[in-house]
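See below for the structure under consideration.
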Amino acid sequence: CDNKFSRWAELTKHRLTHTEVNIYKCMKCEYKGVSKRDLNKHLTSHSDNELSCNMCEYKCRKRKSLRMHSLTHSGEKPFACTTCEFRCKDNSKLKRHMLIHTGEKPFPCHLCEFRCRESTKLKKHMYTHTGENPFACNTCEFRCKERSKLKRHMQTHTSERSQQTATAVTAQQAPAAVMPFVPPVMNAVTQTMPQVTVPHSVFAHFDFNIKPDVKPKKMPVMTQTNEAEKPKPFACTVAPCEFRCSDNSKLQRHLLIHTGEKPFACNFCEFRCKDNNKLKRHLLTHT
């Protein structure tokens, strides 16, 4: 048949389905299994009896799936690594983690010498041979081979929308009389020099085309602007949040609170986070 497998054991097991020796057949469909256990596992897909979580609306047909789900409520991580302090909720995750310590890479590419620890990484690698870009942006024509790259690309659209929100805050909404003076290169609100009357004793040593009537004899000492006094033109667009900040990068980090996105991923385990500094601290646990 046309089936392909990444492991020899899986191929060997599948070949038995083409023989009539000790084959377990489903009475409701054309499924064939090589063991009674496989058949019973398959039969759950035909069952109408759903198992429900008593703490949320989660439903499933497999008792094992329900047990795994219940760990999300208890926070329990019963599967522990014997080499380091890594713990997880799923035995399959623990097996993948153990490959870090053994150095084993059980997933080989049949077109080159590439090998990896996870089937998902092998699948992404295969795109380099096929030239396929399966992840597409729904806003523009951008396509890529990895979901993480698509997420980073989508942030450029979020940044553009945030910039539009920032420029919408005009001088009518925030009168110039009460706005702190901002040099043109830092003014993200109006993009131009605001028409503000500034005393000649302040900022006179900067070339802002402000011509004082009398040149001061002594250059005034500039004090660092308090964070609370800085203009905050970048506003969160998610109602009813009123978060504002002076830096677009801070706004992007804040928006992750609403989207739940965790763009920074560990290459050694499934840890993900919203902050690059947190990822760096996490990586120390693998050293």
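For all residues, glycine too, the Cβ spot is worked out from N, Cα and C.
Feature list (source: TrEMBL):
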type   : residues : note
DOMAIN : 24-51    : domain 'C2H2-type'
DOMAIN : 51-78    : domain 'C2H2-type'
DOMAIN : 79-106   : domain 'C2H2-type'
DOMAIN : 107-134  : domain 'C2H2-type'
DOMAIN : 135-162  : domain 'C2H2-type'
DOMAIN : 234-263  : domain 'C2H2-type'
DOMAIN : 264-287  : domain 'C2H2-type'
Integer mean pLDDT for the domain 'C2H2-type' (234-263): 82
Top Cβ-contact partner of the domain 'C2H2-type' (79-106) among 24-51, 234-263, 264-287 (pairs under 8 Å): 264-287
